[in-house]
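Participant: One structure is given below, represented as structure tokens, and several questions about it will come after.
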Amino acid sequence: MEKSQRFVCLVVLHLVLVLLPSSVNAGHDYRAALSKSILFFEAQRSGYLPGNQRVRWRANSGLNDGKASGVDLVGGYYDAGDNVKFGLPMAFTVTMMSWSIIEYGKQLAINGELGHALRAVKWGTDYFIKAHPQPNVLYGEVGDGDTDHYCWQRPEDMTTDRRAYRLDPNHPGSDLAGETAAAMAAASIVFRRYDRAYAATLLRHAKELFNFADKYRGKYDSSITVARKYYQSVSGYSDELLWAASWMHKATNNKFYLNYLGRNGHSLGGTGWAMTEFGWDVKYAGVQVLVSKLLMQGKAGRHLDVFQGYQKQAEFFMCSCLGKGYRNIQRTPGGLIFRQRWNNLQFVTSASFLLSVYSDYLTTSRKTLTCAYGKFAPSQLLNFAKSQVDYILGSNPRATSYMVGYGNNYPQQVHHRASSIPSIKVQPSFVTCRGGYAKWYTRKASNANILTGAIVGGPDAYDNFADERDNFEQTEPATYNNAPLLGVLARLSAGPRGYNLGLPEDGSAVTKPMPKRKPAPTPAKSSVITITQKVTLSWKAKGKTYFRYSTQVTNKSKKNLKNVKLSVSKLYGPLWGLTKSGSSYILGNLPARKSVEIVYVHAAPPAYITVANYN
């Protein structure tokens, strides 16, 4: 196959909401890149597309998936430029999207993208719920690579075999079941603040899948053999069992999973494998980073020595990325992490995410990174992650953006069936299996549809890149290329001090103390929009103290802002100056350097007022 082996969050601040600049420097617009990167997932959707589908050139597809097996498997994601639904990379994609939201959900909200990110996760988890109809049954693939790659068709025209392949006690797959458990557990953390019933459903599936993976051990590609040529589980299933346990503990805080990590750290390789890659197959570095956070938080308990072993390997990974370890990751002359010629950027985005979160973990715990060649500040990890993202966005020897639709010079002949053939809405005539190859695959012209936000495979070891549709090693995109990038782009948009952005892991509302009688407004940092609240009057009535809050919404930029919408919660009284529309309040236009005042009264601390969106 064409690949290697292989809603809005409330930003709660007591007095001031600060919108940070869209990029750390003027070089790249991380906010724009973030918006595009999330959009890509809509192009990869299978099934019945929703009314709010933004990628309009796509249409319904795969509507009979699972029917022959007596199960509804409509939905989910196509992994890359083909039309197969591969379970292992899809689950890893959902895990990494969820981790991005958990760490940087507030910044995603500030950028107006949290709702889109939540919908992207849910598109995957809705499918996984269908694919897990019984505790010890998991459907892990729909379609197969061999028949799929024989054809070049839009997903709307598929004539290929759509057989469903499953795992059960007689056909185990601990790696696939473990990764899907991790995805469901991570997503349950994301959704518990917005839909507790749905989050509980996800967690129930996660628990069952973890038990299935642990009890019936085996490699999934020994049971679903058609996956072996395309997504072979080279690392086996030990890493996924630890990965799943890490996410189960994070989602439940149940000591069973903490003890699982402690008891099995040595035997399953968590303390032994020193890695220089992280991706859909090899999860060790991700496990080691998650366990390191537990150690930094003082949660290791009686497993202190074992958890220190995990952290040693996590720091091996960080040092090797920085080029300061005993065994370092290769880089291109232009400075890009290079592991393999086939879809190398998957490793770049995944490594950049781990570098970013580990930098933030170190910053929060006031620690530094110790490598073979010295100690390094957390900022150095983040700066290196930034350099990798900047390379992807165009700061490279070829001045090429490897994100489709970003910048002025990006891949035009992306190896992607749906993108290369005109939309069925434009040319409804049926595209035959081989006819697609004859007419569209070999066409030496730009793709008919722009696959906005897609991260392609990327350049070779010498920074060379050939923008050709048949060059699938370099021009094919994949969902797991983009998923880690959501978090990194959100992190970079926050600036160097924006590390404390994650969602509360217990899902509880953040409580604030009652305000003092007349608090002075907190000064805002340099920002696009600031929201400053202060008490202008208070009085007692019927045993309660009421407060009149004056809220100033200020556009500090030099540009006029249009269609400004605010999100208001924890409001228990009347509000003047805004019109409610659905779950948001419409402020309207906000001229450059101007302020608007809104007023409300209630017997409570300040309401939570955030910017939902603006143009």
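We number each residue from 1, going along the chain as drawn.
The backbone N, Cα and C atoms fix where each Cβ goes, glycine too.
Owing to the predicted nature of the structure, the values given are computational and were not obtained by experimental measurement.
In case it's useful when we look at the structure, here is the feature table from TrEMBL:
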| type | residues | note |
| --- | --- | --- |
| SIGNAL | 1-26 | signal peptide |
| ACT_SITE | His415 | active site |
| ACT_SITE | Asp467 | active site |
| ACT_SITE | Glu476 | active site |
| REGION | 503-525 | region 'Disordered' |
| DOMAIN | 529-603 | domain 'Carbohydrate binding' |
Participant: Just to verify a number: CA distance, Asp467 (active site) to His415 (active site), in angstrom, no decimals.
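Facilitator: So the alpha carbons of Asp467 (active site) and His415 (active site) sit roughly 9 Å from each other.
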Participant: DSSP-wise, what's the residue breakdown of the domain 'Carbohydrate binding' (529-603) into helix, strand and coil?
Facilitator: 0 helix, 54 strand, 21 coil
Participant: Least buried of the active-site residues Asp467, Glu476, going by other Cβ atoms within 10 Å?
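Facilitator: Each of the active-site residues Asp467, Glu476 was scored by Cβ atoms within 10 Å; lowest is Asp467.
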Participant: If you average per-residue pLDDT over the domain 'Carbohydrate binding' (529-603), what number do you get?
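Facilitator: On average, pLDDT over the domain 'Carbohydrate binding' (529-603) sits at 77.
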Participant: Give me the CA-CA distance between His415 (active site) and Glu476 (active site), in Å, as a whole number.
Facilitator: 5
